[in-house]
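Peer 1: Next up is a structure, given as C-alpha cells.
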C-alpha cells in the first residue's frame, strides 16, 4: 500500500526524490525486530518517519524525536471503524458490547485499541463459528450490544451463523458497520429492519478522492488506500514548503541540531492543525493519529413512525442520519432508538420470593416465545418494576452450583454470591440475607423488605369429632358411680318410706290428706328428677327420708357444678390448646420433633449458636480451673449459660434436615397430631400460613436480618439501585406487593377456630340425640300404655241397664241385681238430678207429690252455665283434703 501510494504521489509532486525504507515492527515485544535496521536507515539518511502500525508508537516517536526527524502516525487498520462504532454505541447509552470481526488480525488491532482508549466494556471475537457462538452464549453478563464490522459478503456469513446459533434474539441490539461500499448486497436488510446499519456514504468516496459531489466511486474502492495516498501526497507537498533536512547518524548516535529541530517541530504542528481542518482527515483531540474521515449513513427503522401493520412488524429501514468524525447528525424529527441497558440478574427459587410457574402436575411452564421458564414471586414483581423505572432489560439466571451462596473450606463461594464474585451476573435479587461473611466479597444495597428472621411453624391439632364428647368430661367409672348413687338413693328412699313409722304411709293420723306414695317406681322417678334443676317434687314426710334426700341433693348440686365447670373448661382448652409457645419450650420437650432446611441460613444459625455455647463453656471452664482454690467466686457447676442450642441442634440432626422448604411444610402438614415443627424463615412461614388453614406460627421471630440486593464490589449499580429503592419506598410500592403475596385471602375460606366461635354442634350433638331418643321412647311408651289400657278395659267391661229419665211419672219397676237385692233405679236417678239442680232442698229418701212438683218446676228453670261446689275455693297448696273427683251430670235428661 505504501509503495503504491508513493508511486502515485510522485508524479503529482514535482521536484522531489523519495528513498523509502520499510522496517517491520514486532508487536509482541513492542520493539523492532532488529534495532540495527533503525541504525542502518539513519546512516542512509532520514527526513521523515511515517508510522502505519496500530500499536503503541512511543518507541518509534521517541526515536524520531532523538534524531530530530518529524514523525507522523496514520491509521490504516480497523481501529478507525472501531472508534466510529464506539461513538455510535455511546450515543445509544451503551455500556458493554461484543465485537465480532472477520479475522484474527483485526481482532488484535481492536483489542489493543479497547485496552488503550475505550469507554465500553467489550469482548472481541473473530471468525464466528460454532465454538464462538457457544462462547458468546456463555458470556456473563449478557451483552447489551453486538457490533459487527466487515464487508457486505462477510457480514452475510457472520449474521447467518449468528442466526443459526440463536444469538439474534433482539435484533435492535445488533449494530452492523460495512467496511466497503457494497452495502446493497446485504441480504438481511428486509428481514431485520430494526438492526442499526452504518454504511459508507458516497460522499466518503468523493471526499477521499478529493472530488466534488456528485462523483463516481470506482469499483472495489478501499477507503484506507485512498487515505494513505492522500497522506503521502500531502507530506510530499509539505516537504517542498518546509525543507526537511536529511538526518544521518553514525554508530546509531543521534546528531541533533536544536535550531533545525525546533523549526521542523513547529512546521509539523502547523501541518497537523491544517490536516485537522481538511475534509479527508480526522484527528481526535486526545490523539495525534491521522484517521480517514469516513462519512457513515445510519440506516434503521425510524422511531418517528408507528407501525400500523397487523403483524406488528417494524417499519422499513431508512437513513435517519449520518456519522462524521465521531459526531452523529440526525435528520429532522428523527432520533436514535432508545437503548435499554441489559443486565444478567441472578435469582434462585424460594417461595414466595421467586419461583418457576408450574402446572398442577409439577411440570415447569415455559414461555411460548423464548422457551425459558416463567418466573413469579415477590422479587420478580419487584425486579419488573425496577426495570421500568431504571429502563433496562434483563435475563434471569440461576446459579450453576448451590442456591444463595456457601463458602467452602478454601474460601470459594458457590450460588448467587459465587456468581457475583466471578462476574457471571450483574446483581442478585432473591431472598438473600445480608450477612457479614457475604459482605466481605459483595456489596449490598438498601434493604427492600422489612426485617425477617426465624420462626416456628406447626400444624393445628386435628380435633376428634364426637357427638358424645360431653360424655368424655367424666370418666366411665364416674358415670357408673353416679348411676349407682341414683339406684341406691331410690331403693333407700323406698325402704325408708315403707318402714318409717313417721312416713305418710304409716302415719295416717298426722297426714289425713292425700300424700305422695313413695313406691319403688315413684322413688326412682324422684331420684332421677332430683338430678335436674327442676327438682324431684314432693319430698318424704319422715325425718329419715328427708335426711337422705338432703344428702342426695347436696351430692346432686356438687356433681352438677363439677360437670358444668369441667365441660366448659374441657371445650375451652380444646380450642385453645397449643403444644408449645416458644423455642425454649420446644427444646425442653421430646414429644414434638422439629427440623430445618439442610445447609440453609437457619441451619447455619443453630450451628453457630451451638459453637458459641461450646466456646463459652470452654472459656468458663478455663476460668474456673485457673481460679485456684477461690471457689467462692468461681465454681464449675455454677455455669451461668443454658446449653439450649446444643440440644436443639442435636434434635434437628436426629430428625434429619429436609432438602427444601416444601418438604418441611409437607412433613408438618402430614402430622395430624401436631407433633412436628418446622423452623424456617419467618416471611416464608407466614406466607404458607396465609395460604394453608392447617398451619400456625409458634412464638416470636428471632435472629432477625434484612433482605438485600447484592452487587459486585465497587459496582456503579449500587448507588443507582439504592436510589430507586428509596423512591419506590416513598411511593409505598412495597406495601402493595406485600398485600399481594401476604393477603390472607385464602384463610377467609378456613373454618373459624377462634375462641369466640362458641361450642360446635359436633361437641354437644349427643345432647340433642339423647333428647330425640327420649322423645322416641315417650312415643313408644304412649303406644304401650294405650294398648295395655284397651286390653284391660275389654276384660273388665259389664253392661248395666239404666231406665230412661223421661219416664218419671211411671211406676218404678223394682229390679233385682245378681245378688238378689232390689233397688229403685228411677227414684235414685231422680234424687241425684234434683240434688244437682236444687242444692237448697235436701234430698228426701222417698219421692212424693211435693217432690214431683218441685222437680217439674226445676225442669222449667234454666240450667246455669257454671255451678259452684262449696262455699269457697281451697288451693292445692294448702295442706287440705283434696277433691279427687267431680261428676257433672248432663243438662238434658238421658234418653
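Residue numbering: from 1, along the chain as shown.
Glycine too: its Cβ is placed from the backbone N, Cα and C atoms.
The model shown is predicted, which means the values in this text are computed figures rather than measured ones.
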Peer 1: Please identify the range among 738-763, 764-789, 790-815, 816-841 that TrEMBL labels transmembrane segment.
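Peer 2: Going through 738-763, 764-789, 790-815, 816-841 one by one, TrEMBL flags 764-789 as transmembrane segment.
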Peer 1: What is the pLDDT of the domain 'Ionotropic glutamate receptor C-terminal' (344-744) when averaged and given as a whole number?
Peer 2: 83
Peer 1: Looking at the recorded positions 580, 693, which sits with the largest number of other Cβ atoms within 10 Å of its Cβ?
Peer 2: 580
Peer 1: Can you tell me which recorded positions out of 407, 580, 693 are within 10 A of residue 438 (L-glutamate binding site) by Cα, answering none if there aren't any?
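Peer 2: Near residue 438 (L-glutamate binding site) by Cα: 407.
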Peer 1: Please give the L-glutamate site's span as the largest CA-CA distance among 438, 602, 681, to the nearest whole angstrom.
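Peer 2: The L-glutamate-binding residues span at most 18 Å between Cα atoms.
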Peer 1: Compare the Cα of residue 681 (L-glutamate binding site) against each of the recorded positions 407, 580, 607, 693 and report the nearest.
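Peer 2: For residue 681 (L-glutamate binding site), the closest Cα among 407, 580, 607, 693 is found at 607.
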Peer 1: For the C-alpha pair, I'd like the distance in angstrom between residue 607 (site 'Interaction with the cone snail toxin Con-ikot-ikot') and residue 580 (site 'Crucial to convey clamshell closure to channel opening'), rounded off.
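Peer 2: Cα to Cα, residue 607 (site 'Interaction with the cone snail toxin Con-ikot-ikot') and residue 580 (site 'Crucial to convey clamshell closure to channel opening') are separated by 23 Å.
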Peer 1: Which of the recorded positions 407, 580, 693 has its Cα nearest to the Cα of residue 602 (L-glutamate binding site)?
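Peer 2: Closest by Cα: 407.
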Peer 1: Could you tell me the C-alpha distance between residue 407 (site 'Interaction with the cone snail toxin Con-ikot-ikot') and residue 580 (site 'Crucial to convey clamshell closure to channel opening') in angstrom, no decimals?
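Peer 2: That comes out at 35 Å between the alpha carbons.
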Peer 1: Around the L-glutamate site (438, 602, 681), what further same-chain residues have their C-beta within 8 angstroms of the site's C-beta centre?
Peer 2: 404, 431, 433, 435, 600, 601, 604, 605, 705
